Amino acid sequence: MMAQFQEVLRQSSLHPKPAGLVLQYGTAGFRTNAKHLDHIMFRMGLLATLRSKKTKATIGVMVTASHNPEEDNGVKLVDPMGEMVTQAWEGYATLLANAEQQDVLTSLKEIIEKEAVNMSQEANVFLGRDTRCSSARLSQAVLDGVSALGGHSKDYGLVTTPQLHYMVCCQNTGDKYGEATVEGYYNKLSQAYIQLIKHAPNCTDDQKHLCVDGANGIGALKVREMEAHLKSGLQISLVNDGSQGKLNDQCGADFVKVQQKPPSGMKMNPGERCCSFDGDADRIVYYYTDSEGQFHLLDGDKIATLISTFLKELLTQAGLNLNIAVVQTAYANGSSTRYLEDTMKVIVRCTKTGVKHLHHAAQEFDIGVYFEANGHGTVLFSKSAEEKIQQLSKDPNTDDERKTAALLLQNTINVINQTVGDAISDMLLIEAILATKGLTVQQWDAIYSDLPNRQLKVKVSDRRVIDTTDAERRAVRPAGLQETIDSLVKKYRQARSFVRPSGTEDVVRVYAEAETQESADALAHEVSLAVYRLAGGVGDEPKPLH
Ligand code: G16
């Protein structure tokens with residue numbers, strides 16, 4: 001053990017921490033400008049090794065800053081079942097990341113002691129990275145951390161974040177979930193998709209066509225690889241494939257959702273289905289333009305509604321009594337929540353932002369559909385739900401209609417990456433649902449009408465001055481902010497607004513929705529001003545949008 005610690009010290013000095021730099025494990029790991037991250041990566045290599053020893057399982061480390069600009073980078077830690085690392089270890093990550101150079105060993109030993117980690121246990125870490133130019137170098141720092149503590153590693157190189165989550169889960173379930181290879185992932189998902197679209201025999205080539213914006217990132221590379229497995233079941237026109245433009249610049253799911261406009265490079269014919277991935281392909285949003293050229297966005301809320309409608313119908317046809325819930329965050333459009341609760345009569349839960357929170361809430365149901373409005377989400381099936389579906393599909397006494405529904409449910413389960421939100425998997429599921437139900441993108445969009453909304457960012461000197469409660473729907477600090485928001489909201493019809501510090505960017509996020517776009521924009525601006533004034537805004541005061 002002594003020799004190992006000596007090695008940690010030696011290697012750590014090659015990955016020095018800039019003195020005084022403090023970073024928090026945020027919504028989805030550490031995220032900041034890539035030039036500040038070398039020591040973080042080395043230390044996350046150390047931490048993943050400890051986590052692997054503790055859980056006696058393979059742990060994942062993904063080098064990515066997802067939707068952030070190209071200059072940023074970050075790291076996400078993946079737990080044994082492919083979910084985000086557990087909260088207590090997020091705390092250890094922050095402790096280790098912020099230890100000054102001379103205190104690294106002390107922090108490491110503190111974690112080992114607190115968690116009673118058996119240091120003679122073997123450790124195994126899977127590594128993946130996105131296409132950022134800093135990612136290869138930062139991946140090497142993670143590998144150095146793993147080897148300093150004598151862990152084994154497997155570097156998958158360029159993969160999407162959800163592919164890495166998938167591989168970790170496969171590895172730790174003895175391949176029950178699938179084969180822990182990228183090829184295994186393509187095979188499982190594409191076979192399920194091909195089975196699903198067999199139930200859409202009248203699907204024309206036009207209906208099989210989809211325009212995909214790859215955000216100039218890893219998703220573009222991987223959607224190309226996947227396409228080859230789909231045997232013309234889906235015809236993809238790919239734009240922003242990384243050959244010219246910059247990652248996430250004027251493109252990608254976050255840009256389209258926040259700006260409410262198409263990405264650059266996307267030529268859209270009226271009514272044509274288009275979608276955008278984000279920088280590490282764990283989010284997806286859909287959109288189209290109508291015959292008047294008006295842009296229509298189908299975000300995570302619309303996706304959750306489509307999927308839960310489909311699943312509910314199949315459960316009814318199969319005669320299965322399983323409870324189904326939709327998990328959202330404060331960003332969910334008010335119309336979607338009303339539709340889900342009042343018309344669809346499904347249970348709706350609201351959690352804090354961050355798929356880790358939604359994932360855990362979704363695990364409480366037989367079927368938990370979770371989506372953030374930004375397009376990050378998936379569906380979870382409990383073990384007993386999966387068993388019931390499987391039994392039904394094999395029962396010789398089941399009539400044809402129930403059997404077909406059970407088989408459709410089984411293929412639906414197989415096309416879904418249950419470990420985390422996955423743009424490729426979600427895309428295949430959505431495409432399969434639209435094809436089997438014979439729905440156009442306009443018909444899907446018409447399920448309910450979104451309330452006009454606006455998202456803004458405000459720069460403050462320290463975003464931690466904002467503290468929230470009630471799943472981030474109310475601010476408890478700084479004093480007076482919530483009262484101000486309440487009185488602003490009262491000025492508009494059907495209005496709602498909230499603020500929260502981002503966990504991935506150095507900004508405070510502001511959300512507002514109201515009966516008209518003008519009201520939503522005015523409310524978002526007024527709330528931004530309140531944040532600027534009460535929470536220590538920096539730079540120029542926010543300007544009105546019109
Ligand atoms: C990450 C998280 C998402 C979250 C998003 C924005 O997404 O995984 O759950 O919604 O950040 O978080 P925040 O508002 O705290 O900045 P991604 O796709 O960037 O990894």
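Positions of Cβ are set from backbone N, Cα and C atoms, glycine also.
Now, the feature entries from TrEMBL:
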| type | residues | note |
| --- | --- | --- |
| DOMAIN | 53-87 | domain 'Alpha-D-phosphohexomutase alpha/beta/alpha' |
| BINDING | S66, D278, D280, D282 | Mg(2+) binding site |
| ACT_SITE | S66 | active site, phosphoserine intermediate |
| DOMAIN | 120-168 | domain 'Alpha-D-phosphohexomutase alpha/beta/alpha' |
| DOMAIN | 207-285 | domain 'Phosphoacetylglucosamine mutase AMG1' |
| DOMAIN | 299-438 | domain 'Phosphoacetylglucosamine mutase AMG1' |
| BINDING | E372, A373, N374, R500, P501, S502, G503, T504, R509 | substrate binding site |
| DOMAIN | 457-528 | domain 'Alpha-D-phosphohexomutase C-terminal' |
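Taking the features listed in TrEMBL, we show where each one sits on the structure.
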residue: S66; record: Mg(2+) binding site; DSSP (3 states): coil
residue: D278; record: Mg(2+) binding site; DSSP (3 states): coil
residue: E372; record: substrate binding site; DSSP (3 states): coil
residue: P501; record: substrate binding site; DSSP (3 states): strand
residue: R509; record: substrate binding site; DSSP (3 states): strand
### Query
Considering all pairs of residues in E372, A373, N374, R500, P501, S502, G503, T504, R509, annotated in the record as contacting substrate, what is the maximal C-alpha distance expressed in whole angstrom?
17
### Query
Could you give the mean pLDDT over the domain 'Alpha-D-phosphohexomutase C-terminal' (457-528), rounded to a whole number?
97
#### Entry: Neighbour count (Cβ, 10 Å) for S66 (Mg(2+) binding site)
30
### Interface-richest range of 53-87, 120-168, 207-285 toward the domain 'Alpha-D-phosphohexomutase C-terminal' (457-528), CB pairs under 8 Å
53-87
## Note on the structure
D282 (Mg(2+) binding site) to R509 (substrate binding site), Cα to Cα, whole Å, comes out at 21
### Any further residue of that chain within 8 Å (Cβ to the Cβ centroid of S66, D278, D280, D282) of the recorded Mg(2+) site
T64, H67, D130, T160, T161, G217, G219, A253, F277, G279, A281, R283, H376, A423
## Note on the structure
In DSSP terms, the domain 'Alpha-D-phosphohexomutase alpha/beta/alpha' (120-168) comprises 22 helix, 13 strand, 14 coil
### Query
Least buried of the binding-site residues P501, G503, going by other Cβ atoms within 10 Å?
G503
